[in-house]
Amino acid sequence: MEFEFDLIVVGAGSGGLAAAKRAASYGAKVAIIEANQIGGTCVIRGCVPKKLMVYAAKSKKNMDSSEGYGLKNEGINFESNILLKNVREEVSRLSNLHRNSLKKLNITIFEGLGRFITQNELEIICSNTKKIKNKISSKKILISVGGKPKKLNIPGIDLAWTSDDIFELEKFPKSLLIVGGGYIACEFASIFRNLGTEVTQLIRGKHLLNGFDEDLSLCLEESPTFTDIKIISNAQLKSIDRVNGNLESTLESGDKLLTNNILIATGREPNLLPLNLDFLNLKMDGQYLDVDELNQTSNANIFAVGDIINKPNLTPVAIEQGRVFSDNFFNDQKRKVNYEYIPKAVFTIPEISTVGLSEKRAKEIYSEKNIKIFKCKFTPMSNTFKKNKSKCMLKIVVHKLTDKVLGCHMFGETSSEIIQMVSVSLNAGITKKDFDITMALHPTISEEFVTMYG
Ligand SMILES: Cc1cc2nc3c(=O)[nH]c(=O)nc-3n(C[C@H](O)[C@H](O)[C@H](O)COP(=O)(O)OP(=O)(O)OC[C@H]3O[C@@H](n4cnc5c(N)ncnc54)[C@H](O)[C@@H]3O)c2cc1C
Ligand SMILES: NC(=O)c1ccc[n+]([C@@H]2O[C@H](COP(=O)([O-])OP(=O)(O)OC[C@H]3O[C@@H](n4cnc5c(N)ncnc54)[C@H](O)[C@@H]3O)[C@@H](O)[C@H]2O)c1
């Protein structure tokens, strides 16, 4: 059977764009279908606009607390509408850059919602008219449709925002309830609080950032940003009502809270429903599409990358999966994605960064007696004259018998930049001795990584 394309990519986000561009660079005839703006979650409503807001919050925090350096200010006037407008413009600029690079590579862009009609054919539905615009076919199809916010099944939930709505705002609210204690909840709690919004955070467990090294969660909870946030732990939201233009949250305990708005950040789920996959009977891995090491689904023509498979849902992971897929199937390479030592950061202020095993996980795997912990916590020099005395913390998890470094964790400004380089060392199998024989760079925060003795 003749197909119009060698590859159809459904979803022009991190994974899809990377795969489409790499396949086209090998001479494949590629089509990409996108229902929204080109760029996907990361560029349009995730990493990029979020990080721009983090920079705004950091700038404000620095300006607010630098009088000790002789930098007097008579009060900063934050105009959230300017930030939000600039962020939207930047996101559109980046989206256009991606569109242009697709065109340069002769990748055909189809705008609309992709929907399977056979295992090799998709129809494209116009997002506005809901009419079928095109039907296209290909030998191989890559699904890279990403995720969407998971909503709680409670009365009044549609009154609340998800992270997608934050980027559509015209201005910041005066008060906000954030539900959740994970990445998105903590990052937005930090952004909003540092830019002046009264923030309450509702978590169902005891601590923020469950699953991260416990010292990181504790450092975050003790930080000036989060001691300035009202954290309600061991609590669940039961319902939401509109009351005189505000939102009233009722908790399972019966307590009530009144805030201007509510942000629900209780996780994300694969956005598979519109694809009409049922008739293909693809094997699932829980809510995710099941794939093998080559990102092949249970149907030999159909592949999947990114947030729709059960791997860390991060942009660099989706990009690498997309590139590896195209390297293997359009350039005959034998590549695999390296899932070892993926560095992670939560962009709170200060930020949390981590690579490898947490202390708890290392002790579970290797037993407590085989693990040695090196840890230090101090006020960084940059905060000497600041009102904001947030601390930083560095921690190394080491296997006692082999001396191998199993994990590094850091809380503090620029820690994400530091952990990225630490991840190179861990990938290379570094030992604690290698850290010890490396000369320090002084005065820095990161020098503590090579000067910590047990
Ligand atoms: C608020 C937020 C902040 C984040 N911050 C970070 C961060 O700092 N660092 C990090 O590494 N990761 C971050 N992430 C996660 C990261 O954005 C995702 O892991 C990554 O974008 C996943 O890429 P993807 O290719 O799987 O899907 P996406 O980037 O989500 O792209 C999927 C695309 O498919 C389109 N689509 C969906 N269905 C269809 C269909 N049927 N037909 C056509 N098109 C369709 C969508 O419109 C979308 O453009 C963040 C996520 C969020 C929500
Ligand atoms: N800096 C980054 O790299 C970054 C930033 C944002 C998002 N992300 C990616 O996006 C994913 C999604 O982020 P997220 O913050 O939505 O998810 P998450 O898994 O990090 O956090 C979800 C939070 O919601 C809570 N929760 C789940 N169900 C709940 C319920 N029914 N009631 C109350 N609380 C509930 C969880 O306990 C957790 O605290 C992340 O896992 C990550 O992969 C990455």
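Just so it is clear, glycine is given a Cβ too, placed from its N, Cα and C backbone atoms.
TrEMBL annotates Gly180, Gly181, Gly182, Tyr183, Ile184, Ala185, Cys186, Glu187 as NAD(+)-binding residues; of Gly112, Gly254, Gly267, the candidate listed for that same site is Gly267. The DSSP breakdown of the domain 'Pyridine nucleotide-disulphide oxidoreductase dimerisation' (342-452) into helical (H, G, I), extended (E, B) and coil residues amounts to 36 helix, 33 strand, 42 coil. For Cys186 (NAD(+) binding site) paired with His442 (active site, proton acceptor), the C-alpha to C-alpha distance reads 31 Å. For the pair Gly180 (NAD(+) binding site) and Lys51 (FAD binding site), the Cα-Cα distance reads 19 Å. Annotation for the recorded positions Lys51, His442: lowest Cβ count within 10 Å of the residue's own Cβ, His442. Close to Asp307 (FAD binding site) in the fold, though at least 6 residues off in sequence, lie Gly15, Thr41, Gly146, Gly147, Arg268, Pro270, Asn313, Ala318, each with a CB less than 8 Å from its CB. Taken over all pairs of the listed FAD-binding residues (Lys51, Gly114, Asp307), the Cα spread reaches a maximum of 30 Å, rounded to the nearest whole number.
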